[in-house]
Structure formats: structure tokens, C-alpha cells
Ligand SMILES: NC(=O)C1=CN([C@@H]2O[C@H](COP(=O)(O)OP(=O)(O)OC[C@H]3O[C@@H](n4cnc5c(N)ncnc54)[C@H](OP(=O)(O)O)[C@@H]3O)[C@@H](O)[C@H]2O)C=CC1
Ligand SMILES: O=C(O)CCC(=O)C(=O)O
Ligand SMILES: [Mg+2]
């Protein structure tokens, strides 16, 4: 396989996808990983060590991951050329090897390159950003009853204002768009047309439906109580409002949901358990206060890209912070796992931060591969390390009597608690 820099491990085999989207996972699957910028250098090796230990313990040597480094972000500019941030062969490898995991990557504010994270999601059509949020006993939280927060976010990952269609203020492009809006489209509400930057927010019925379909299917498969469509559709009627209407429409059309009273809430019986699943909606600003005050009323969340970004970090804070917030980017075949947090540059290279978020992302990856015994051991290791109050700085500063561990020591504590 003619890669330029990527070295395919000789002792591994490829994961493949069946026609029904299920996976064939060999005992020695090749898993591509991107180390990531900033704290990627700290957390990625710890994640690999903890995963290898869980697999070894679960399967006694009969299964083993063959890790394959692929490059993106700052490391790619060192490995390839100074302008190569996302090599074509990285995209090819993560598509071809089906399941991968990545560290965070830097996106500069204002100018510079556009998000490589977003580029990966768009190029690979990883349209679901799946971020489960649950409480681990003993974790420090600002809430009195943090265990009531148990939600699973389905964030649309390829559309919205997040996809980067923007025109910089006071350029010919921005002037052209503004001129078009004013003369051809009758728009007279741009307050300062001479100095406005312009962003475009595409939100489609197809994009909404495929995301909401996954969220509802997840609620069915995991016996959850409700799916909440989170939007700002009162203000952005044809994008966020469209998301709400298309979401409700899909629940009725494909899952047989019936209106409750006169709607718009609706419900249907879970075909697997017979229990009711309610499909409801919440306007994003009110939702952000509801999740703090009445978290037990929310379960599976389906939302647009930018809302999902905000909601992810806010919900993570309720159960201990983004140091232990995992995630996955999914298409119908390819899966790329990654933490919710970013590169935390001020801590880079200090062996200090919490590796939990990336390790729990790997836990999701193992479960996705069907290696549930290893995944369960990772959860056990996390529960044990937190219960023993052996934690990294982010938890230690909020816990009484805790022992401060480095990033790598926390990984070892997890292994010791498996
Ligand atoms: N998917 C990705 O690759 C993502 C990339 N980014 C990028 O990351 C860069 C930095 O973004 P920034 O806004 O600073 O957000 P970050 O998520 O990188 O960090 C914000 C704060 O969160 C806390 N934190 C983050 N990670 C950890 C961890 N592993 N353990 C403990 N605490 C943690 C730290 O809090 P404290 O200071 O309180 O210790 C940190 O200062 C940007 O370029 C952004 O674009 C952002 C999000 C996702
Ligand atoms: O791409 C980035 O730099 C930020 C992405 C982000 O915050 C997220 O996906 O949660
Ligand atoms: Mg984010």
C-alpha cells in the first residue's frame, strides 16, 4: 500500500465493513491514530498504554491492537512539508482502516487555517458527533446531584454555521455577497454593511433527518426515555426551526410517533421494549438552564453543530469537566474517536492533564469494535481511580484529601484498578 510516511504494521489486519454496516474485527486490528497538537503528546501515549493493558487483561494475549500512526496538524507539517496540515494519505488511511482515534488539533482564532477537525468530519462525512455524558461517583461537580446528569448528545457534524462558509469584512467577496443580498434579495437589515463579515448557515432536511434518525435509533437500542431536539428555531426559522420540524416529521414518518395532545411533542412505543419514547424539543437558551436545574428530564439530545459544541462542554462541566468527556465522529461506515476538549496549549508537554477524555473515547471505540470486556475494564479502571481519589490536577483541586497524579500516573492508576 504505497504510503509516503505512514508505516502499516506487519503484524496487523484490517477491520472491514459488511453490507449491513456491521464490522469484521480481526484479533489484531490495525487502528490508525493521530497524536494531536498541544496536550496530544501527553494524553495519546497514555491512552494507548491503558487500552493495551485492558485488551491484554480481557483477552490474555489472544487479541491485540496494531497501532498505526497517521499524521495531521502540526506534526504533519513537520513530517511532510510546512504547508501540509492534512495529508491526503491520512484521509485515505482513516477511511480505509474504518476505525481510528485522534488527539485534539489546534485551530487559530481569526485568521490562519480552518479547522482540521471540521475538515476531517466533512471529508469523511462523519455526520454524527456522539458525546455521552455520565457521572462517575466521587468526581467533583458544581451540582448537588450530578448523578442526575445522564445524557447522550447527537450533534450534527457537517453542516450549520460551523462548516466555515465565511467572507471577511471589507473584502471584495464580502462586498459582493452584501450587494447581492441587498439588491437581489431585498435584505435591508444589515446594520453596518460597509464593515460586516458574513457567515452562511446551511441546514438541510437530509442532514437533519440522518442525524435525528441515528439519535432515535440509539434511544430504541439503549432503552432511553426521550429524544430532545435542541434548536433556536424561534429566531432562525428556516435553519434551526427547519431542524426542529424535520426532526419531528421524521419521528412520525419513520418511527410512527403520534402527537401528544395537539403536539408538537410526540411519542412512540420502543419496538424492542414496549416502553414509550417521547420526542420533544427545547429552545437552546432555555435548554442550557434546564440541563443545570432539571437534568433528569433530558436523555438523548439531537442538535445542530454549533449548539452541540456549546452543549457538549456545558454538560461535561456538570459531571466533572472536559478532562473526562469522550466522543466519536461517525459516518455509516467510518468511525473516528476523539475527546471533547481541545489542545489546552498552556499544559502541553507537562505530563499534567487528565487523559480520561481520550481514554474514555477509546472505551467507546472498543465497544464499537465489539470488544466489550476490554471496554468494561476501562470503565472499571476509571471508577476505581476516581473512587480512590488518585486523580489529575483538574479533579484534585476540587476534591478534599485527593492525591495529585500526573497524566501518565493517572493512566497507571487506571490500569491498577482494572
Ligand atoms: N476536537 C478538537 O481537536 C478540538 C480542538 N480545539 C482547539 O484547541 C485549542 C485550544 O482551545 P481551548 O478553547 O483552549 O479549549 P481546550 O478544551 O483546549 O482547553 C480549555 C480548558 O479546559 C481544560 N482542559 C482541557 N483539556 C483538559 C484535560 N485533558 N484535562 C484537564 N483539563 C482540561 C483546561 O482548563 P483549566 O485551564 O481550568 O485547567 C483548559 O485550559 C483551540 O485551537 C481549539 O480550536 C478545541 C476543541 C476541540
Ligand atoms: O475544531 C476545532 O478547533 C474546535 C472543535 C470543537 O470545539 C469541537 O468539535 O467540540
Ligand atoms: Mg468544542
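Any Cβ shown, glycine's included, is placed from N, Cα and C.
Predicted automatically and left uncurated, TrEMBL annotations should be read as such.
Per TrEMBL, these features apply:
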DOMAIN    30-414  domain 'Isopropylmalate dehydrogenase-like'
MOD_RES   102  N6-succinyllysine
BINDING   106, 341, 342, 343, 344, 345, 346, 347, 354, 393, 397  NADP(+) binding site
MOD_RES   115  phosphoserine
BINDING   115, 117, 121, 131, 155  D-threo-isocitrate binding site
MOD_RES   144  N6-acetyllysine
SITE      162  site 'Critical for catalysis'
SITE      232  site 'Critical for catalysis'
Distance, residue 102 (N6-succinyllysine) to residue 354 (NADP(+) binding site) (CA atoms, angstrom): 16
Neighbourhood of ligand 1 - recorded positions from 102, 155, 344 with Cβ under 6 Å: 344
Binding-site residues compared (106, 117, 354) - highest count of Cβ atoms within 10 Å: 354
Collapsed DSSP category at residue 354 (NADP(+) binding site): coil
Spatial separation of residue 117 (D-threo-isocitrate binding site) from residue 106 (NADP(+) binding site) - C-alpha basis, Å: 9
All-chain count of other Cβ atoms within 10 Å of residue 346 (NADP(+) binding site): 10
Distance, residue 342 (NADP(+) binding site) to the residue listed as 'phosphoserine' (CA atoms, angstrom): 12
